[in-house]
Amino acid sequence: MSSGSGSKLSHVIELQAKKQGSYLVVFAIIMIVVALGVAIGFSYLMSSPDDTGGGMLYLATGAPTIVLIMTALVIVPMQNAGAKLTGYIDFVKSLPVSRKLFLIADVGIWALVTVPAIAISVFVAHLIFAPGYAISWTIIPGFVLMVLSCFAIGYGYSFVMPAEPAMAVSQLIAFTSLMFSPINFPLERLPEWLQSVHEVLPIYHMAEVMRASLAHTSFSAEPVSYIVLGAWTIVGFFGAVRFLEKA
Amino acid sequence: MAVIELDHVTKTYKSRGRKTLANNDVSLSVNEGEVFGLFGHNGAGKTTIVNQLLGLLRPDSGSIMIAGKDVVKEPNLGRYLCSVQPQSRTPLGELTPRAVTQIMGKLRGIDDAEVERRTKELFGKLDIEQWADVQGNKLSGGVLRLTGFCMAAVAPGRAVILDEPTNDVDPVRRRYLWSAIRDLTRDGTAVVVVTHAIREAESAVDTIAILNEGKVLVQGNAREIKDRTAGDQMKLEAVAKAGEEQFVKPEWAESLKLAEAELVLTFPRDLATEALRWAGEQRDRGLVAQYSLTEITLEDMYIELIGKAVDGVQR
């Protein structure tokens, strides 16, 4: 592992970026719209924008999490399932490089796609509602951890599962994460059994870490959130790498 | 020297409790600098062999060596030692032929100037320069297939594996392609061509193996196999305008078959003039339309061998 694998990584990034090309740009724009939609559009659902329960801050800090979940747990798994069906994954596996490079390159590209949406939605929400952002330095490690855990799970399940069920799961995640996950509202509003489910699943913890990073004066994340995300990261990447390395 | 050696390779697929024997005790050997034709019907086990070479599948038993390296023990080595033409359905998205060919060259570690030179040379040779900068999702099947060839050929490993390289390719460029395939062997690279287009591969391959239902039916030098099985035979092919009962096998012919309005007679080469005279008579009597005398091809031999194998199974 020397400069050789570094330049190989750059070629794999070139391969993946050029293959998807303008689609990545279109997708980055769609994600900006989605993020603004969550931050601004959902505010109409609330009785009054200056809702004292901190509702606006929930939406404004939930939007970036929705962007990551939509990208890493819905769109990318759909892509991967399609890539499996068309034989593109087999092509990637037959390239003369370490197959982990493909994972690193692809995660890097898709993580970059989410950055404009997250930055713009936070900025715009701040201008319109000034919901009380207080950005902490933990946003950097927090963002890295969220990106890693999100993509680890997305790649993990879409590689390990057969293509068709993986596509179905991605749709299920899209729906339930928007409606039944404590991203845009406090966990306590959910029925107790669903609360316990979310203690184990990563989505709630992602939202917690994102909130603590974006508004550390109003929210804090328990250490357990970081641990749960770390565990999902390891399980997800382990599954994805195992699938790629399998002969 | 053998670049690729498969020794008693067996591979079974298990799916929903059903077992399919994809490779049944396959032993093959591909030498340096030769074009090796791997022939067989759909489902004969050709792609399974390729995927095992690349480390995408692991055999149940048997050994696979590439350039002296055991790729069953080290499945990651296969794809570094062999360069492969991607399956035709592999989507290139917005990658252009030039971009993807150059990336493949760089991934194999050749320097930028050499990558550029090789890419230009290959595109020129195959006459696809006009599509070099068109996005993959706008290209026709034939150009994609040729691009796939360039991806494998830009920086060949010890062996190049081509899967149905001529499908969808126009007749003129097919010839360019076969010539480019031959060029690859000049520095000792072994080329494995997986195909069922036997008629057209016949003149381009040195060695062949015919696979049927996972087993190797025959392998060896293409010319020798033909001489051995076809001997000194020729055939007369004619479009029949009458039913089978109207034709009587002439004395000089060794066999006469009529199937789907195609009449085929085989006979020893030195009786060709008799065969021609006979065909002329049949035409005058209105029993046949156009006719031709041809060599027995590898394809005739293949069909006969596969037919025998199928009969053998049925019996």
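Here the Cβ of each residue, glycine as well, is placed from N, Cα and C on the backbone.
A TrEMBL annotation is a machine prediction, not a hand-curated record.
Feature list (source: TrEMBL):
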type	residues	note
DOMAIN	A:17-213	domain 'ABC-2 type transporter transmembrane'
TRANSMEM	A:21-45	transmembrane segment
TRANSMEM	A:57-76	transmembrane segment
TRANSMEM	A:101-129	transmembrane segment
TRANSMEM	A:135-157	transmembrane segment
TRANSMEM	A:169-187	transmembrane segment
TRANSMEM	A:224-244	transmembrane segment
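Proximity of distant same-chain residues to the transmembrane segment (A:101-129), defined by a Cβ-Cβ separation under 8 Å and at least 6 residues beyond the stretch ends, is recorded for 5, 8-9, 12-13, 15-17, 20, 24, 27-28, 31-32, 34-36, 38-40, 43, 49, 56, 59-60, 63-64, 67-68, 71-72, 76, 92, 95, 147-148, 151, 155, 214, 237, 240-241, 244. Relative to the transmembrane segment (A:224-244), the listed stretch A:135-157 leads the set A:21-45, A:57-76, A:135-157, A:169-187 in CB pairs under 8 A. Comparison of A:57-76, A:135-157, A:169-187 by number of C-beta pairs under 8 angstroms to the transmembrane segment (A:21-45) places A:57-76 first.
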